[in-house]
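Quick notes on the structure that follows.
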Amino acid sequence: MTSHATILIYTSGPITNYPWIYVSWLACIAVLSGVLGSFSDVLGRRWFFIVGNVFALIGAIICAATHSANVVIVGMTFAGVGAANQYLALAALSEMFPKKHRAYVQAILQMSPFPFTACGALIASKMAIDTWRWVYYLNIILSGLALIAVVLFYYPPVPYAEVSRWKLIKSHDWFGAGLLLGVMGLYLGAGPAAFGLHGWGTAAVLVPICVGIAILIAMGFWNGHASNPLLPTKMFNNVRGQLHSVNLLLFSIGAITMPLEVVTFVWSSQTQAIYTTDATKIGLYNFPTGFGAEVGFLIAAITIKRGRTNLQLAVACLILAIFVGLQATLTPNGIRPGLAYLSIGGVALGFIQVIVVVMIQFGIGNEHIGAVTGLFILVRWIGAAIGIALALTIVRSKVGSTWPMAVAEAVFPLGLPQTSLPLLLGALATGSPAAVMQVPGITPAIVEAATVVTKEVYAAAYRLIYYPSLALGLFAVVVSAFTVDIAPLMESDEALPMGIPRFLMLAASRRDAEKGSGINEEKN
């Protein structure tokens, strides 16, 4: 988001459009993942990866080349479609390796972008300031390499090979897929509300959200009665054992998402509002979370097979909830306690990101691993949208109702003319010291008083975010404790056999042909 805000400065278009860069990308990932996961179980994942990387490549090229904010949004929509396909790697990698190694595989996958996980905010801030187009150049490089690697090396067996692809496509649940795509209304409503483009009570927000919820309910009924539902009913209608655990895991994921987003998304805006506007420092203040997450990935890889995975998940949720809750004790006078809390919370965050994927994939057989992974991504990002919307709405509402009066009470006794108050508030909102010093009647004492009270107001507003985050985290603890321990299922050597890459087969055929011709010549 730091880089996207800067991108809008260097492109033409209204600055209020920048939230749509994030919303368009996120909505495509969440909603399409649920559809594509199920489709890939039936049609195979190879072409989904190829098409996804092509879309990601096109999106990155559009964003890197444009000078228009609206075109950036179009490019990010393409990138979101591509990312929804790329997220199928969570399922593909799990089925490629023996079940006993799934924890290691998922941990390595999460750890692989180490520089961006640990130092992502710092790197993004530097890119945004110095050369923002490299945000997209990197995506061009990585998506291009991924496309080449998939085309050359990824040849999984084709499911239902005895049935024609066209027959499988026709028999799929297209109506259910259409209903699931309608859930995008939740994003199209919650996104603008979260970023203040429209109020929560306006039709622009309420209509999409209500339609999205209605469609979600309708899909539940349809899924229970369809002959070949998009999301297999056995993921939901068995109330015992592993399948029951899938339902509980989905509740746990949905609940723990807000604390996760507070740690990863909200903290950056809080540091900018209260502690510093220096982009480099903001990036450094995010380092404890990213590095802690990397440690959490590693711990999850080591401990999951030791058993009692339900209690491991519950303990991780408890640690995250506690240390996110402790953020409510922060004041504008010191950030160091918050960095300590986030470093520990980051470990729990990384642990949760690995264990929930492994647990939910073991909740159903390999024949539906794409569908259950897509459902996990859907719940994860719907929770993210709601969590971000709730958090930013709380801050905006609290600041809007208390900040003007608090600043007025602080600066009027120091001699600021009443007519200058709106100008001062506007200048403070920009974060520009030069703009503040141009306010009529301003003095250094007034600047200091206004700055101090502004930080106090924002600290009080952000404090309100951590209370519901703590409550949701504790709810996730209880739900997680009742999931099923998957450790006994992780002893199998079962894995999906991969096909030999075509270019190797062609090379082998050519060698065999040459050997055959040589033998025939010797005989002759």
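Glycine is no exception: its Cβ is also placed from the backbone N, Cα and C atoms.
If you look up TrEMBL, you'll see 1-434 marked as domain 'Major facilitator superfamily (MFS) profile'. Per TrEMBL, transmembrane segment is recorded for 47-67, 73-93, 105-128, 134-155, 175-197, 203-224, 245-267, 287-304, 311-328, 340-360, 372-395, 464-484 (among others).
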Predicted model, mean pLDDT over the domain 'Major facilitator superfamily (MFS) profile' (1-434):
81
Do at least three C-beta pairs under 8 angstroms join the transmembrane segment (464-484) to the transmembrane segment (311-328), pairs 6 or more apart in sequence?
yes
Tell me if the transmembrane segment (245-267) touches the transmembrane segment (311-328). I count contact as 3 or more CB pairs below 8 A, with pairs 6 or more residues apart.
yes
With the transmembrane segment (245-267) as the reference, which stretch in 47-67, 73-93, 105-128, 287-304 has the largest tally of C-beta pairs below 8 Å?
287-304
Closest-packing stretch to the transmembrane segment (73-93), where packing means Cβ pairs under 8 Å, from 47-67, 105-128, 287-304, 372-395:
47-67
Should anything in the same chain at least six residues away from the transmembrane segment (287-304) have a Cβ under 8 Å from its Cβ atoms, list it; otherwise answer none.
103-104, 106-108, 110-111, 114, 117-122, 263-264, 267, 312, 316, 339-340, 342-355, 358, 486-487, 490
Restricting to the same chain and to residues at least six past its boundaries, which positions have a Cβ under 8 Å from a Cβ of the transmembrane segment (105-128)?
2-3, 5-7, 89-90, 93-94, 96-97, 134-135, 268, 279-280, 282-287, 290-291, 293-294, 297-298, 300-301, 350, 353-354, 357-358
